[in-house]
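A.B. asks: Let me begin by handing over the structure; questions about it come next.
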Amino acid sequence: QQISWTLLLVLGYLFYLLLGAMVFQLLEKQAETHFRDQFQLEKLKFLQNYTCLDRQALEQFVQVLMEAWEKGVNPEGNSTNPSNWDFSNSFFFAGTVVTTIGYGNLSPSTVAGQIFCVFYALFGVPLNLAFLNQLGKGLNAHLITLERWVQKPGRAQVQLAIFLTTGTLLFLVFPPLVFSYVEGWSYGEGFYFTFITLSTIGFGDYVVGTNPNKHYIPVYRSLTAIWIVFGLAWLALVFNVGADLMEKFLQLKWHKPDLSLAEGATIKLEDEPEQPRIHIPS
């Protein structure tokens, strides 16, 4: 029975990955081809307008732009752009390291910085997990029990609804409004950035405080880093509850428990309530 359920879970997981791959390919491949052709056309137009350049010189300049971007230097603007390594930005970067978000738009370029980053992450990631776990316990203490809200709807169900609604507003609904106003993004882009960040996926296609044409307050990215930490704890709890409910759903669908055993388990739950085991996943 256990092996069968594990096999079902593995097959379902692989199917979900294959489904995602097919959908992403269907949605994005054509757009990528369009942008690639458009970029090549722009390079041809550039060469036609500036006949003193040849294709090799243009490709070398494009390579310089790519290297600058990889080093965290935005090709837009000029040398007066704010530093990526002032204290506020460095604080934000440190937060992306220990939370394993890793946007990829900025990284240490010196050997000393790279070595320090390795050891900083080596100790910082476990410290961050311990902190999030403790923060999650504090949030969990106000929920009584999340695992039995389905079996015993009532106060716990109401508290779960309040927890999910409040967290959704604080961490997923309102922040995109701020980011849209400050960064000039659409609300959809802000919402996308918010979820990709708090889920620690961190693609790096949208990062706050990187537009050279905008003037940001010094503590903007530091405040964003603090918001990220508390949002991580909340979303990790939500993911963990979702994983527990999904496991129970699959087990109920896959197993057909004996009625006498189920009745005995119900009596035990009523007599001796099970302690909640919700935790931040490491």
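Placement of Cβ uses the backbone N, Cα and C atoms for every residue, glycine included.
Found this in TrEMBL, in case it helps:
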TRANSMEM  6-27  transmembrane segment
CARBOHYD  ASN78  N-linked glycosylation site
DOMAIN    80-137  domain 'Potassium channel'
TRANSMEM  112-132  transmembrane segment
TRANSMEM  158-178  transmembrane segment
DOMAIN    169-247  domain 'Potassium channel'
TRANSMEM  190-208  transmembrane segment
TRANSMEM  220-243  transmembrane segment
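Help me picture where these features are in the structure shown.
C.D. replies: For the domain 'Potassium channel' (80-137), the predicted model reports an average pLDDT of 87.
Counting residues 6+ beyond its ends, the transmembrane segment (112-132) has Cβ neighbours under 8 Å at 94, 97-100, 229, 232-233, 236, 280, 282 in the same chain.
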A.B. asks: So how many of the residues in the domain 'Potassium channel' (169-247) end up helix, strand or coil by DSSP?
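C.D. replies: Looking at the domain 'Potassium channel' (169-247) with DSSP, the answer is 55 helix, 0 strand, 24 coil.
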A.B. asks: On the DSSP side of things, how many residues of the domain 'Potassium channel' (80-137) fall into helix, strand and coil, could you say?
C.D. replies: 39 helix, 0 strand, 19 coil
